[in-house]
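**Student:** Pasting the feature list from Swiss-Prot:
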TRANSMEM  33-53  transmembrane segment
TRANSMEM  77-98  transmembrane segment
BINDING   83, 182  heme b b562 binding site
BINDING   97, 196  heme b b566 binding site
TRANSMEM  113-133  transmembrane segment
TRANSMEM  178-198  transmembrane segment
BINDING   201  ubiquinone binding site
TRANSMEM  226-246  transmembrane segment
TRANSMEM  288-308  transmembrane segment
TRANSMEM  320-340  transmembrane segment
TRANSMEM  347-367  transmembrane segment
C-alpha cells in the first residue's frame, strides 16, 4: 500500500513542501531565515488575534485599552510585548533573508524575487499601520507625517491624503481604518508567502556556490527540519529574552504619552526598522524628491536582476563584489543610525552621503565590479 502522505490530496502538498522536498545538500544557515519568517508570521498572527480581542480602535479609548491589556488581562503584558518585539524580530529576519538573496544571487529566480518585493512592501505597510494603533504621541505624529507625504503627489495629493485620513486630520476614522488594515494585511502576507514558496519550488533552492545542484539533492526532512528547528529555538530564545528583560529597548518613550494633536514631539521618527528609508527621505530637501527616493530605496531591489552583469551567480568566488556587498551592509546600518538622529549638522551631510552611496553601490558600483571580475577571469 502506498504511503498516505504521498497519495492524500492535502497531505501530498505538505509532503512535497516540507518532507520529501529535494534540497541542495550544501545550503548554509543563511537559508534558515525563510522558515523563521514563517514562524514570525504565525507568532504575530496569534499574538495579534489575542490583542484584537481586548483592543478598541477608538481615539478616546485606544491608549487606555492597551494599558488595560498590560495591567488587567492575564499575561496581556507578555502578549503585547511579544507582538511589539515580534515585529522587530520579523524585520531582522527579513533583512537577513534579503541580504542572503543579494549575496548568493537568489534574485535570478525572477518570480520568487518579485513576489518577495511585494511581500516586503505589504509587511512595511502592516508594521506602519500597526504602530499607529496604541495611539501614543509617536503613533499619532508618525501617522500624520508619513500619510502627509502623499500630498507631494501632483494634482491628486491633497485629495488622496484626506481620503486616507477620512477627514481633515488624523482622527477616529483614520484609527478605525488602520485597525481594519492591520487585521487584514497579515492574511494577505500569508497568501503571498504561499505563492512565494510555490514559485520557489518550481525552480528549487539556490545554494552558496550558485551552481545548479540537481545532481546532489537530499530530502528536506530530517536534514533541514532539524536545522530549521535549531534556528527556530534561537529565534524564540532571542524574542523571549528581549520581551522579558528589555521589552522597551526598541520602542520609543514618546509612545507612552497619549496622542496630543496640540503638542509635537521634539524628534518624530518611525520604528528602527524603517530608519534607513526615513534617513533617505530626509536627505533630499524637496518633498516630492524625498518621497520618490523613499519609494526607490525599496523598489531598487526590482532592478537588481537586470543589473546582474557577472557570469557567476553567487558572490562566493567574487572578492570585489563581496567588498561592495559589505559596504552596502555598513551603509544600511549607517542610514539606520542617522535616521534616528536629529536633523542637524553633521547628521544631515552624513545622511546625504550615505543615501548617495546606497544607490551608487546598487545601481553602478556592483554591476561595474562584476564586469571587472569577468574581465579578470577572461570571460
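Each residue, glycine too, has its Cβ placed from N, Cα and C.
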**Student:** What same-chain residues, at least 6 away in sequence, bring their CB to under 8 Å of the CB of residue 201 (ubiquinone binding site)?
**Tutor:** 16, 17, 21
**Student:** Is the number of Cβ-Cβ pairs under 8 Å between the transmembrane segment (288-308) and the transmembrane segment (347-367) three or more, considering only pairs separated by 6 or more positions?
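**Tutor:** These two segments touch.
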**Student:** What else in the chain is close to the transmembrane segment (178-198), if you only count residues 6 or more beyond its ends and a Cβ gap under 8 Å?
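**Tutor:** 17, 37-38, 41, 44-45, 48, 52, 55, 57, 112, 115-116, 118-119, 122-123, 125-126, 129-130, 132-133, 143.
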**Student:** Cβ pairs under 8 Å with the transmembrane segment (77-98): which stretch of 33-53, 113-133, 226-246, 320-340, 347-367 has the most?
**Tutor:** 33-53
**Student:** Fill in the CA-CA distance, residue 97 (heme b b566 binding site) to residue 83 (heme b b562 binding site), as an integer in Å.
**Tutor:** 21
**Student:** Determine, to the nearest whole angstrom, how far the Cα atom of residue 182 (heme b b562 binding site) is from the Cα atom of residue 196 (heme b b566 binding site).
**Tutor:** 21
**Student:** Which residues, given as numbers and ranges, are at least 6 beyond the ends of the transmembrane segment (347-367) yet have a Cβ under 8 Å from it?
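**Tutor:** Distant contacts of the transmembrane segment (347-367): 279-280, 282-284, 293, 296-297, 300, 303-304, 307-309, 321, 324-325, 327-328, 331-332, 334-335, 338-339, 341.
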**Student:** Would you count the other C-beta atoms found within 10 angstroms of the C-beta of residue 83 (heme b b562 binding site) for me?
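**Tutor:** Counting Cβ neighbours of residue 83 (heme b b562 binding site) within 10 Å gives 21.
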**Student:** Counting CB pairs under 8 Å, which listed stretch among 33-53, 113-133, 320-340 touches the transmembrane segment (226-246) the most?
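**Tutor:** Comparing 33-53, 113-133, 320-340 against the transmembrane segment (226-246), the winner is 33-53.
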**Student:** Enter the number of other CB atoms within 10 angstroms of the CB of residue 196 (heme b b566 binding site).
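**Tutor:** Summing over all protein chains shown, residue 196 (heme b b566 binding site) has 21 other Cβ atoms within 10 Å.
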**Student:** Taking a Cβ cut-off under 8 Å, which residues six or more beyond the ends of the transmembrane segment (33-53) line up next to it in the same chain?
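**Tutor:** Hits for the transmembrane segment (33-53): 69, 79-80, 82-83, 86-87, 89-90, 93-94, 96-97, 100, 182-183, 186-187, 189-190, 193, 228, 231-232, 235, 239.
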